[in-house]
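Heads up: the structure comes next, in structure tokens.
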Amino acid sequence: MKKNRMMIMICSVGVVWMLLVGGSYGEQCGRQAGGALCPGGNCCSQFGWCGSTTDYCGKDCQSQCGGPSPAPTDLSALISRSTFDQVLKHRNDGACPAKGFYTYDAFIAAAKAYPSFGNTGDTATRKREIAAFLGQTSHETTGGWATAPDGPYAWGYCFVRERNPSAYCSATPQFPCAPGQQYYGRGPIQISWNYNYGQCGRAIGVDLLNKPDLVATDSVISFKSALWFWMTAQSPKPSSHDVITSRWTPSSADVAARRLPGYGTVTNIINGGLECGRGQDSRVQDRIGFFKRYCDLLGVGYGNNLDCYSQTPFGNSLFLSDLVTSQ
């Protein structure tokens with residue numbers, strides 16, 4: 001009997017040890033769990049477990065390494081209606097097809113579906129994330145030109161729909177294309193392809209596979225589609241949210257690829273395959289121009305690593321199959 005009890009104790013200790021070092025017993029986060037984030041803003045340790053002590057948030061922490069954020073603040077306390085109108089100054093110009101579509105109220109309403117957005121870190125970090133989100137999406141929807149009134153970076157959010165679109169339909173059994181529908185770029189982030197519409201729709205509770213044009217006709221849904229993309233990690237890519245709020249810790253491979261926390265890595269996430277690792281690039285410069293203007297209007301510094309000129313692009317995958325959303 002004593003021998004049996006001793007064997008049980010040894011087995012129990014072994015199981016606990018395997019859990020601590022990251023064995024195959026249901027890890028909670030990080031690469032061991034498909035890129036999942038810890039609930040409550042907790043840190044993900046190198047072994048894939050959630051917590052808030054230095055064992056989790058210290059060396060080799062994978063994500064959300066700053067620990068839980070302070071109590072959430074309503075986004076309107078960080079960006080007022082008048083500042084929003086100044087940031088997107090010419091979005092309602094008569095020459096912009098999006099005139100009247102991208103409203104402040106729709107932005108604030110959509111952000112409530114993602115309470116971590118603009119609510120992670122200190123006030124400067126929160127404002128910088130708002131500037132980064134609006135900067136990247138302004139590049140995607142810009143109607144500006146070099147000699148435009150108030151400069152090229154005052155013309156974000158001029159377009160809702162992609163110009164010269166195609167169907168963007170890929171045969172996938174999980175998210176089949178609906179008859180007669182096209183999945184071209186729409187909304188602030190210009191979401192495209194049927195599998196992205198399908199997964200986004202599932203996340204926000206709207207049938208975007210059958211009704212993709214809701215992204216171009218319902219302004220709250222439109223902003224939600226962009227925030228879904230922003231808050232969602234796609235392995236091996238972290239989420240833009242985690243990068244800009246410094247909750248992402250680059251791996252040794254990321255460091256070797258010069259992918260470090262900052263606005264430049266967000267550009268890499270969004271369009272690195274076409275824009276990053278090519279030296280000076282006018283598209284990257286345009287994204288930075290919007291970001292700097294918006295940071296100035298919000299009264300916050302730019303942070304480090306603004307470009308991706310020397311970064312190796314993240315590995316591209318066709319399907320967003322392992323998505324984890326920060327909420």
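First residue shown is number 1, and so on along the chain.
Glycine is treated like the rest: Cβ placed from N, Cα and C.
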Disulfide-linked residue for CYS308, taking Swiss-Prot as the record, within CYS200, CYS276: CYS276
C-alpha spacing of CYS158 (disulfide bond) relative to GLU140 (active site, proton donor), in angstrom: 9
Entry from the disulfide-bonded residues list CYS158, CYS276 having the most other CB atoms no farther than 10 A: CYS276
Within 10 angstroms of CYS61 (disulfide bond), Cα basis - disulfide-bonded residues out of CYS96, CYS158, CYS276, CYS308: none
Disulfide-bonded residues listed as CYS29, CYS38, CYS65, CYS308, least Cβ neighbours within 10 Å: CYS65
Counts by DSSP class (helix H/G/I, strand E/B, coil) across the domain 'Chitin-binding type-1' (27-67): 10 helix, 7 strand, 24 coil
Rounded Cα separation (Å) that holds between CYS29 (disulfide bond) and CYS169 (disulfide bond): 32
Candidate with sparsest Cβ neighbourhood (10 Å radius) among CYS44, CYS57, the listed disulfide-bonded residues: CYS57
